[in-house]
Amino acid sequence: MTDVTTSTENELRELAERGAAELADASAEELLRWTDEHFGGNYVVASNMQDAVLVEMAAKVRPGVDVLFLDTGYHFAETIGTRDAVEAVYDVHVVNVTPERTVAEQDELLGKNLFARDPGECCRLRKVVPLTNALKGYSAWVTGIRRVEAPTRANAPLISWDNAFGLVKINPIAAWTDEDMQNYIDANGILVNPLVYEGYPSIGCAPCTSKPIPGADPRSGRWAGLSKTECGLHVS
């Protein structure tokens, strides 16, 4: 295994390019094994705690793997409960990342309900900036985004260089369909956020998440009525 902690950006970019070419048709398990082989303990798995599919798979490859959760201060109670259950059930180390300011401090400084007045700035302060800081300690991050989730994710690669955060990005289940997800959940008894079964196929912060209309893409319930469709973490 290459010591990625001393690798240059160009070397990591080249590694991502080689991986993308060699694993174009790889399974999720193969992608996770490739990640572990090349990055050892220097990668993190990001989870929004909608379900624990990726967490469970990663824990089988590397027990005790770091699992990053962005605790924005605006999550549903069910999401926080799922985070706590994930930490209790799976062999992982949950890294709970919080913004610089609490919601109360942000309200005092910028006014209440910034999420309604300027959702882009709210996401930047409570998601993008904290994630940027948290990822500085890693050479790669693994995410659970899937191509079927929204048009903005339709071309999500399996492995790439993430220009926004300056590290390698692996999306092991990018090619999975909703049926693939449900089959894996059923076959392995995976923890799922109870809100999923209440009609929320995409779960973010409570003030900015609603149930999508039938037939709409799963993320249409996020920032409903606004042109905003992504929080800034997954820039295509």
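The count begins at 1 with the first shown residue.
Heads up, the Cβ atoms here are built off N, Cα and C, so glycines get one too.
Positions annotated as [4Fe-4S] cluster binding site by Swiss-Prot: C122, C123, C205, C208. Packing around C123 ([4Fe-4S] cluster binding site) is summarised by its Cβ count: 23 other Cβ atoms lie within 10 angstroms of its Cβ, all protein chains included.
Annotated active site, nucleophile per Swiss-Prot: C231, in sequence order, evidence recorded as sequence analysis.
Non-local neighbourhood of C205 ([4Fe-4S] cluster binding site): T72, Y74, H75, F115, R126, each in the same chain, at least six residues away, with C-beta under 8 Å from its C-beta. In this structure, C208 is the one among the binding-site residues C122, C208 with the smallest number of other Cβ atoms inside 10 Å of its Cβ.
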